[in-house]
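What TrEMBL records for this protein:
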{"type": "TRANSMEM", "residues": "21-39", "note": "transmembrane segment"}
{"type": "DOMAIN", "residues": "26-480", "note": "domain 'Major facilitator superfamily (MFS) profile'"}
{"type": "TRANSMEM", "residues": "81-99", "note": "transmembrane segment"}
{"type": "TRANSMEM", "residues": "111-131", "note": "transmembrane segment"}
{"type": "TRANSMEM", "residues": "137-158", "note": "transmembrane segment"}
{"type": "TRANSMEM", "residues": "170-188", "note": "transmembrane segment"}
{"type": "TRANSMEM", "residues": "200-222", "note": "transmembrane segment"}
{"type": "TRANSMEM", "residues": "289-311", "note": "transmembrane segment"}
{"type": "TRANSMEM", "residues": "355-376", "note": "transmembrane segment"}
{"type": "TRANSMEM", "residues": "388-408", "note": "transmembrane segment"}
{"type": "TRANSMEM", "residues": "429-449", "note": "transmembrane segment"}
{"type": "TRANSMEM", "residues": "455-476", "note": "transmembrane segment"}
Amino acid sequence: MSAAGVEINLLGGGHEERITLLLLFSCMVAASGGLLFGYEHGISGGVTSMESFLKKFFPGVYAEMKQDSKTSNYCKFNSQILTFFTSSLYISGFFASLLASHVTTRFGRLFSMRVGGAFVFAGAAIGGAAMNVYMLIFSRVLMGFGIGFTIQSVSLYLSETAPARYRGAIFNIYDICLTTAILIANLVNYGSQKIEAGWGWRISLGAAALPAAFLAVGALFIPETPTSIIQRGGDINEASKVLQRLRGTSNVGKELEQLIAAAAEAPTSTTTGLRPLLRIFRRNYRPQLVIGISLPIFQQLAGINLVGVYAPVMFRTIGLKESASLLSAVVTRLTATASNLVATPLIDRLGRRNFFFIGGLELFVSLVTAGSIMATHLGDHGTMQRQYAQIMLFVFCLFISGFSWSWGPLPVLVPSEIFPLEVRSAGRSIGVALGLLFTAAMSQIMLFMLCNLKWGIFFFFGGWMFLITMFVFFFLPETKGLKLEEMDRVWKQNWYWKRFVNDEQENERLLGTGAASFEPIK
């Protein structure tokens, strides 16, 4: 037995599980939500390194960048207004994801996906046409609102639609979309910054409308999840037909019974007097809540904002020119996409914990190496020698590779599969909200930290990487292969969390109700 408890592997749980065309199409459409977040995640770092963009909206930063005699290499891009351009999206997403909990539960996963796509489309249109910094920030707020709805609803849709034995692989499609979108964003930035008229940044910002339209329109042609249909009091026969089409077999009786039982055991606000956002703080949900909140926050403490979002800025910091810095960022994203493709067929075989450990070691080594190189070969002024800049590019690729098959996809996958139905939407909303809020905070202070800690910032994140890997070792049980309705057993067998998980009778006593009746969401 490991520190995290017994690994449970019930591949399929006795159900017939197949990969059907409808399943693939539905999950591809839903996973395209990763295109929205990935494109926005990747476009901002490149745009904020474009001289034409800085000259129009942030002339003070542009002036400091050009006056390279007195300003430290580590401080050229240190502007709170500039970083707010990036962080405003995540702050908006924080509030949106909390609202999405109720909307997704009451109106369904598809409705929230359409809402998210519509907001991102509107924000992209305004951003591409921005005439001043206020329009620019407003566009980011709208897009952040859409991102909050999208992440929350897409993760639920994928976890509830995918068969248990393939859930990790199917969920990884989302991360492939995300990393591909970041790659596309870097390519768009690389091409648009070459437009001599100086309006290329408009293409970069406005192009976000394309994946948003794809998601919003695509969500019209895929079925709602059977879980959501049942939870909202829909026709059981309709849920059965959808499940049969998704699984490619009529033998779905056992799985359908589990879904109905899970809905029946999910107390509603009228039976308990508590809304899911309040109920989730009960002691018996403590394991899921802690993991669901911790993983998205720890994702940011892995240093991805430093190496990922601000990669073009980092490459400018070590002395590369505008085009070279954007091209180097493209190389790191190609590495990320390749790593995602490698991880997809393996994540359900090797398990979530093993990928956390492998990726954690990669991230720790690359962060310490990068910090050591910058400490010895980049001062406050001048540039880094070419051979060391090339080594830094390799180290960044190593970091992105490790992140892309561990702390990139898994903090989205694991929280999406651990919550019971009665608090699933609320749990994902809280996790997404706090993750986005922490991302906003890290985005806002990242360049300030780089300016003040200099090369020490890499050791700062390296230390956190060691600590959070230890957290995973001791407190995160393996979840591969289990159906969502069977996930409670991993907490009952974990050395630490079992003290918080009540048995069925104790749950009924605390909630003051039995599980004999089912009242749909109204």
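From the backbone N, Cα and C atoms, a Cβ is placed for every residue, glycine too.
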Distal contacts, the transmembrane segment (137-158) - CB-CB under 8 A, six or more residues away: 26-27, 30-31, 33-34, 36-37, 40, 84-86, 88-101, 103-104, 109-113, 115-127, 130, 167, 170-171, 173-174, 205, 208, 212, 215, 225, 228, 412, 415-416, 424-425, 428-429, 432-433, 436
Feature contact check the transmembrane segment (429-449) with the transmembrane segment (200-222), CB under 8 Å, 3 or more pairs: no
Beyond the flanks of the transmembrane segment (289-311) by 6 or more, those residues with Cβ under 8 Å of it: 41-42, 44-45, 86, 182, 280-281, 325, 328-329, 332, 363, 367, 370, 396, 399-400, 403, 407-408, 410-412, 414-415, 418-419, 427-428, 430-432, 434-435, 438-439, 442-443, 446-447, 450, 457-458, 461-462, 464-465, 468, 471, 475-476
Same-chain residues at least 6 beyond the ends of the transmembrane segment (21-39) whose Cβ lies under 8 Å from its Cβ atoms: 109, 113, 116-117, 120, 146-147, 150-151, 153-154, 157-158, 161-163, 170, 173-182, 184-185, 207-208, 211-212, 214-215, 218-219, 221-223, 245-248
Close approaches to the transmembrane segment (81-99) from elsewhere in its chain (Cβ under 8 angstroms; 6 or more beyond its ends): 40, 44-45, 48, 54, 57-58, 61, 119, 133, 136-137, 140-149, 151-152, 277, 309, 429-430, 432-434, 436-437, 439-441, 443-448
Leading stretch by Cβ pairs under 8 Å, where the reference is the transmembrane segment (388-408) and the options are 111-131, 170-188, 429-449: 170-188
